[in-house]
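Colleague: Sharing the record's features from TrEMBL:
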- B:101-313: domain 'MacB-like periplasmic core' (DOMAIN)
- B:352-469: domain 'ABC3 transporter permease C-terminal' (DOMAIN)
- B:590-712: domain 'MacB-like periplasmic core' (DOMAIN)
- B:760-872: domain 'ABC3 transporter permease C-terminal' (DOMAIN)
- B:100-122: transmembrane segment (TRANSMEM)
- B:348-371: transmembrane segment (TRANSMEM)
- B:402-422: transmembrane segment (TRANSMEM)
- B:442-461: transmembrane segment (TRANSMEM)
- B:495-515: transmembrane segment (TRANSMEM)
- B:753-780: transmembrane segment (TRANSMEM)
- B:808-831: transmembrane segment (TRANSMEM)
- B:843-864: transmembrane segment (TRANSMEM)
Amino acid sequence: MAEKADVWQGTLALMVLRTLETMGPQHGYGLARRIEQTSDQLLALNYGTLYPALLRLEQEGFIRSRWGSSDNNRRAKFYELTEAGHRQGKKAIAEWEQATEILARFLRPAAEA
Amino acid sequence: MPNLARRFRAICSRFAGLLHMDHGNDDFTAELESHVAMDVDDGIRTGLAPDEARRQALIRLGGLEQTRQTFRERRSLPWVEILIRDVRYGLRGLAKNPGFTTVAVLTLALGIGVTSTIFAVADAALLRSWPAAEPERLVRIVANTPQGPDDLFSYPESQDLAAQGKSLEGVLAYSRHSAILHTASESRQLVDEVVSPNYFSLLGTDPKLGPRFLAAAKNHERIVVISNAVWQRFFGADPRLVGKQISLTGRSFTVIGIAPPGFRGLMPFVPVELWLPLTTWGGENDRGSRDFELLGRLRPGVTAAEARAEIDTIGRRMAQDYPALNRGRTVSIVSERQRLREAAAPTLLMMIAVGMVLLICCANVAGLILARSDGRRKEIAMRLALGATRARLIRQLLTESVLLAAGSAALGLLLAVFLFRLQPALMPPSKVALGLDLHLDATLILFTTVSSMLAVLIFGLSPALQATRVDYVAALKRGETGADRSRRRVTLRNALVVVEIALAATLLTASGLVLRSLLASRRIDLGFDRQRDFVFFDMEPNLVAGYTPARTAAFFDEVETRTAALPGVKHAGLAQRVLLSETEGAVSKRVSIPGVQLPQDQPTIPVKFNAVDGNYFQAMGTRILEGRAFAITDSGTALKVAVISRNMANRFWPGGSALGRQIVVDGTACIVVGVAEDAKINGPREDPEPYLYLPFAQWPSNHASLIVDGGADSRALIAAERIVFQSADHNVPYEVRTIGYLMRQSFWSDQTLVGFVGTLGMLAIFLGAIGLYGVIAFIVNRRTREIGIRMAFGAERRNIVQLMLRQGLALAGIGACVGLVASLLTTRFLASVLYGVKPTDPLSFAASAIFVVLVALAACWIPARRAASVDPMQALRVE
């Protein structure tokens, strides 16, 4: 089994926003599974750490939650993006792309530089 | 910055999370349950056994409890939660110990309340912004004469100073008087200032009022500015009052404006209610009538020294130009602010004194906390051993102190407001309202908060530091720590307690002395029947136009006759002045006595006098010892007669009768027809002196007092009398005084002294008792083991109580002795205010000492009893 990467500080929020953006309203368990799948199982995600991140996003007004029922007819709390959440998602993606772009320049083999 | 807004939103939401803690936790538990259930469902679907599926789900989650914990920390604010927990813990601890809590809160509340009260007084008297714009540029113009300093000028002089003084922007003049405000229902005497037209504009109190007053005053219009308080009280804050006429002392004036709220004139203690321009008052052109105090405003940039030099030059010029009035008179200036500050210096001294009281209160409470935390030493050591940090424990102990201080501050503010309410009762009785504008405001609350938090640092920090500075291994093993270090502290605290008790003994001795003095002066024979329910009506027809002597006499006659006919009125008499009035009784006549050598061969001597009618003596209950009182036959045209006081009779006709003798009063020969008992003219403590009664009809006055003995219901009498005055002439102003008012006025200083010294004494003994209690309680805690051993060896409870009481009484005894010696040294300064009791009065000294010892006994009794209830087995097992 390949060694899994820890979730970097601050990236979890972005992953949540992005996942909600593509999937629509989703409950915590679904989000955790989806993030794990998207990362091709490369990410070691303690599902539990997702909840404080969700709470924080909710406190900041980027997502909102309500109780509903899941595909298997279980009661679950669903999260969805707010208007501000959509904007924040776009903004964060732009920032992140810029950051990786910059880092990428440093990480290119020295000969190319 | 949207980011900040987000963060703020998150914090608000976390605070909200605090409030809905339980609900939020339940909600999250449900969410986790559903999470795990879904995970287990998926696991079973992939073929796992239910148990194994659940195990793996929990592993993936990272533990239920850990998840809950991180969630909870994010959900609300952990430090606030800890704070709330500390507060709850503190409140619980305080509630568990109601005796300690009550005593500590009361002690602190007393200290804080008294400090806040004096602060409010200082604030009102001095710190609160003075009612002028840029007060630092205001200077008072003063004069020095060979006879001494003089602050009064005439209006022409003030105009000279304003015109010639280039360093001054202007000079304002004001003079205090009193006027009678007539409203539809009553006539009320108010303090007024007669002021120069530029008064408001130079002070800069109100940008609109100043110019309006200036213009109207220069036009010689009859105008008045009324205070906000009068506007509220007498005119119901009627917004249409400006422009209307009101009646002052029988003349009508147009209200031109209302002074801004809080503007009370230029003296802190005498609130001014009316401002009248001197142009309508007259006398403004007479250079000789020096009635005005002057304030100048320095031009911007001019220093006081420059202005002083210039004013000095103008003063010299005046002395040359008007030698008759100004010879030897120099003029100078002083900073008004500095002058006020110096005048309020006693308040600052009081501020320091109450600061000391607060410090003593803090020291006492620190002692109480120490005694208490000493008992908690084990608990603290245990918690330290279990890994609590010292900072955490200190924070917890301090939280408790802050709670104490907060409760005390609230109670202290209540006490301060209560004391504000007492102010009118503490002021000398007077016809006009005196006193400072004291009320609860933001400044006071801020001061109280800050001072109580400082108090926390003093009384809370040191015990908290000390209680947590524990060698916990030793403490757990032996229940004992740092004995040497704390012994020194105990000695310091013992000394403090001795000082407190000595102070209390001194103050209580002084209280005893002034109380005995008050009781003695209460028994003085005043020369009239003080048991009667007198009401005095001071009538002033002289203030109403058109009152000729004949009309005045007819008016007095009519009022007196109608009053005598009122139901319930037993006596009614008329006099020019009433006895015991501090100033009014001082007027005298020049008297010579044919055939009697006067002191130092003077042709005449001044004798105080009163003009009274025939009913006076009977109405007052002043006994005629010889001869007769005045009769209706002693009319203006009849033979001039006089009644003299016994002292006068004995002095000039010793051994013989004065009846039928002739005296010459202001050049008029009178026959003595009666001798009356000596009466107190100005104050109850004065020695008898010659006094002269003259018939009112023969020595008429344009003002007089109607003396009525109308039975117990003086309010009904005053109401009935109002109708009498209205039908006689409703324009004549009159003031009402009752015998109660007169007595309060006469004994005011004695009573105030008793109240003041007595209160201080009680405060001191209370603090001393608390201090003593703290020390003994501390000792009892420290010696629990020793007591246990003693009891195990057969000591009885009685012996233990005695042991502890002896310790307390030793301190109290030393304190009382020191206090009595201090009293011996200091009470002689009271000699001048004492009456009928010596400054070394043994009864006062003994009573004070006994009282102090009894209170000390009571203070020690509680911890001593606790010491005696120690269970020897338990005390020893603690080992």
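Placed from the backbone N, Cα and C atoms, the Cβ positions cover glycine too.
TrEMBL labels come from automatic prediction, so no person has curated them.
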Colleague: Which stretch from B:100-122, B:402-422, B:442-461, B:753-780, B:808-831 shares the most C-beta pairs under 8 Å with the transmembrane segment (B:495-515)?
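Modeller: The stretch with the most close Cβ contacts to the transmembrane segment (B:495-515) is B:808-831.
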Colleague: Please work out which recorded stretch in B:402-422, B:442-461, B:808-831 has the most C-beta pairs separated by under 8 angstroms from the transmembrane segment (B:753-780)?
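Modeller: Out of the listed stretches, B:808-831 contacts the transmembrane segment (B:753-780) most.
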Colleague: Tell me the residue counts in helix, strand and coil for the domain 'ABC3 transporter permease C-terminal' (B:352-469), as DSSP assigns them.
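Modeller: For the domain 'ABC3 transporter permease C-terminal' (B:352-469), the helix, strand and coil counts are 97 helix, 0 strand, 21 coil.
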Colleague: What else in the chain is close to the transmembrane segment (B:808-831), if you only count residues 6 or more beyond its ends and a Cβ gap under 8 Å?
Modeller: 494, 497-506, 508-510, 513-514, 768, 772, 775-776, 839-840, 845, 848-849, 852-853, 856-857, 859-860, 864
Colleague: When you scan the chain for residues with a C-beta under 8 Å from the transmembrane segment (B:402-422), skipping those not six or more beyond its ends, what do you find?
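Modeller: Apart from its flanks, the transmembrane segment (B:402-422) reaches 87, 90-91, 94, 101, 104-117, 120, 365, 438-440, 444-445, 448-449, 452-453, 455-456, 460.
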Colleague: Could you give me three numbers for the domain 'MacB-like periplasmic core' (B:590-712), the DSSP helix, strand and coil residue counts?
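Modeller: Helix (H, G, I), strand (E, B), coil: 15 helix, 44 strand, 64 coil.
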Colleague: How does the domain 'ABC3 transporter permease C-terminal' (B:760-872) divide up by DSSP, counting helix, then strand, then coil residues?
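Modeller: Taking each residue of the domain 'ABC3 transporter permease C-terminal' (B:760-872) in turn, the totals are 97 helix, 0 strand, 16 coil.
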